[in-house]
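*Asks:* Quick one: the structure is below, and I'll ask about it shortly.
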Amino acid sequence: MAATKPAFNPPGKKGDIIFSVLVKLAALIVLLMLGGIIVSLIISSWPSIQKFGLAFLWTKEWDAPNDIYGALVPIYGTLVTSFIALLIAVPVSFGIALFLTELAPGWLKRPLGIAIELLAAIPSIVYGMWGLFIFAPLFAVYFQEPVGNIMSNIPIVGALFSGPAFGIGILAAGVILAIMIIPYIAAVMRDVFEQTPVMMKESAYGIGCTTWEVIWRIVLPFTKNGVIGGIMLGLGRALGETMAVTFIIGNTYQLDSASLYMPGNSITSALANEFAEAESGLHVAALMELGLILFVITFIVLAASKFMIMRLAKNEGAR
């Protein structure tokens with residue numbers, strides 16, 4: 001019997017080779033872009049690195065007319081506002097995610113979830129304008145003044161809430177950042193909580209566990225990696241936020257007090273305010289070094305989150 005021809009020709013290896021080359025090229029482009037950013041930041045900031053050295057990191061003074069620059073105030077403002085934002089946003093986001101996945105009635109889950117996603121879509125400049133013209137005056141009258149009167153006489157803690165109630169400042173910027181990152185963290189937490197197998201939760205309820213026990217002993221252990229990822233996503237958003245912080249932080253290079261009520265500055269705000277007006281080469285180099293510092297901070301945060309997730313996975317496997 002004569003051999004019949006196949007209905008179609010089998011695919012050759014040429015397509016696989018082309019696909020493999022394209023995928024590798026895409027990965028290489030990502031690495032080249034990352035390396036290019038790092039190299040360009042180092043080259044552009046080199047005059048500042050040569051002149052100020054490591055002292056740039058802990059010098060408070062920023063005097064553009066005299067070409068004296070220090071990054072301590074922007075670094076302090078960036079880290080403190082981000083910490084305040086996380087301190088507020090994480091528990092609120094945790095509560096929102098748990099309510100949506102465990103407690104909310106069916107008719108409320110979808111509209112509330114859409115509302116959270118819409119909050120994440122609001123441009124940061126809108127948050128900044130709202131924070132400056134609406135939030136800051138109310139914050140000064142209804143929070144800063146009464147809390148300052150109560151807390152200012154308490155040793156150590158009182159120093160954080162002392163001084164005049166401007167409305168704007170480091171604390172106000174941290175609160176605005178918290179409002180901005182809550183939708184991101186809450187959305188990620190909600191999605192990872194929904195990945196918990198229903199059978200595990202129903203089995204826990206079946207043996208008499210309360211809702212809190214199910215959340216604490218079933219949902220959280222199963223989703224802890226995703227929860228950490230959501231928190232780090234929010235932290236990265238807070239570290240890199242520019243416009244909203246620029247509106248509300250005060251934009252001053254002063255660090256004479258530990259009070260959170262005082263105006264300050266952040267790395268992103270300094271770059272946004274001064275880059276277009278920088279004239280001298282050293283001024284531009286100092287601003288580029290601020291960008292390099294922000295890049296390093298972001299890299300450290302990412303590396304720490306990856307290390308934490310790896311440790312959690314290792315400990316889970318050892319049980």
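Yeah, the Cβs are placed from backbone N, Cα and C, and that goes for glycine too.
Quantities reported herein were computed from a predicted structural model and do not represent experimental measurements.
According to Swiss-Prot, the record shows the following:
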type	residues	note
DOMAIN	75-305	domain 'ABC transmembrane type-1'
TOPO_DOM	1-24	topological domain 'Cytoplasmic'
TOPO_DOM	45-74	topological domain 'Periplasmic'
TOPO_DOM	95-117	topological domain 'Cytoplasmic'
TOPO_DOM	138-167	topological domain 'Periplasmic'
TOPO_DOM	188-232	topological domain 'Cytoplasmic'
TOPO_DOM	253-283	topological domain 'Periplasmic'
TOPO_DOM	304-319	topological domain 'Cytoplasmic'
TRANSMEM	25-44	transmembrane segment
TRANSMEM	75-94	transmembrane segment
TRANSMEM	118-137	transmembrane segment
TRANSMEM	168-187	transmembrane segment
TRANSMEM	233-252	transmembrane segment
TRANSMEM	284-303	transmembrane segment
*Asks:* Select the range from 25-44, 75-94, 118-137, 168-187, 284-303 that forms the most Cβ-Cβ pairs under 8 Å with the transmembrane segment (233-252).
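*Replies:* Top-ranked stretch among 25-44, 75-94, 118-137, 168-187, 284-303: 168-187.
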*Asks:* Between the stretches 25-44, 75-94, 168-187, 284-303, which one has more Cβ pairs under 8 Å with the transmembrane segment (118-137) than any other?
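*Replies:* Against the transmembrane segment (118-137), the leading stretch is 168-187.
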*Asks:* Would you kindly check 25-44, 168-187, 284-303 and say which stretch has the most C-beta pairs under 8 angstroms to the transmembrane segment (75-94)?
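*Replies:* Comparing 25-44, 168-187, 284-303: 168-187 has the most Cβ pairs near the transmembrane segment (75-94).
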*Asks:* Tell me the residue counts in helix, strand and coil for the topological domain 'Periplasmic' (45-74), as DSSP assigns them.
*Replies:* 15 helix, 2 strand, 13 coil
*Asks:* What does the DSSP secondary structure composition of the topological domain 'Periplasmic' (138-167) look like, as residue counts for helix, strand and coil?
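*Replies:* Split into helix, strand and coil, the topological domain 'Periplasmic' (138-167) gives 19 helix, 0 strand, 11 coil.
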*Asks:* How does the model score the topological domain 'Cytoplasmic' (188-232) in terms of mean pLDDT?
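*Replies:* Summing pLDDT over the topological domain 'Cytoplasmic' (188-232) and dividing by its length gives 85.
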*Asks:* Would you mind listing the long-range same-chain contacts of the topological domain 'Cytoplasmic' (95-117), meaning Cβ under 8 Å and 6+ residues beyond its ends?
*Replies:* 182-183, 186-187, 189-190, 193-194, 211, 214-215, 219
*Asks:* State the non-local partners of the topological domain 'Periplasmic' (138-167) in its own chain: residues 6+ outside its ends, Cβ under 8 Å from one of its Cβ atoms.
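*Replies:* Distant Cβ neighbours of the topological domain 'Periplasmic' (138-167) are 175, 250, 257-263.
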*Asks:* Where else in the chain does the topological domain 'Periplasmic' (45-74) make close Cβ contacts, counting only residues six or more beyond its ends and a cut-off under 8 Å?
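*Replies:* Residues packing against the topological domain 'Periplasmic' (45-74) from afar: 253-255, 264-267, 269-270, 274, 278, 280-283, 285-286, 288-293.
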*Asks:* Restricting to the same chain and to residues at least six past its boundaries, which positions have a Cβ under 8 Å from a Cβ of the topological domain 'Cytoplasmic' (188-232)?
*Replies:* 86, 90, 93-94, 96-98, 100-103, 113, 116, 301-302, 305, 308-309, 312-313, 316
*Asks:* May I have the DSSP-based helix, strand and coil counts for the residues of the topological domain 'Cytoplasmic' (95-117)?
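*Replies:* Split into helix, strand and coil, the topological domain 'Cytoplasmic' (95-117) gives 21 helix, 0 strand, 2 coil.
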*Asks:* With helix taken as DSSP H, G or I, strand as E or B and everything else coil, how many residues of the topological domain 'Periplasmic' (253-283) land in each class?
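*Replies:* Split into helix, strand and coil, the topological domain 'Periplasmic' (253-283) gives 14 helix, 1 strand, 16 coil.
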*Asks:* Quickly jot the same-chain residues contacting the topological domain 'Periplasmic' (253-283) by Cβ under 8 Å, restricted to those at least six beyond its ends, or write none.
*Replies:* 47-48, 51, 60-62, 64, 67, 69, 71-78, 80-81, 84, 144, 148, 159-166, 168-171, 173-174, 240-243, 245-246, 290-291, 293-294
*Asks:* Could you count the residues of the topological domain 'Cytoplasmic' (188-232) that DSSP puts in helix, in strand and in coil?
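*Replies:* Residue counts for the topological domain 'Cytoplasmic' (188-232) by secondary structure: 37 helix, 0 strand, 8 coil.
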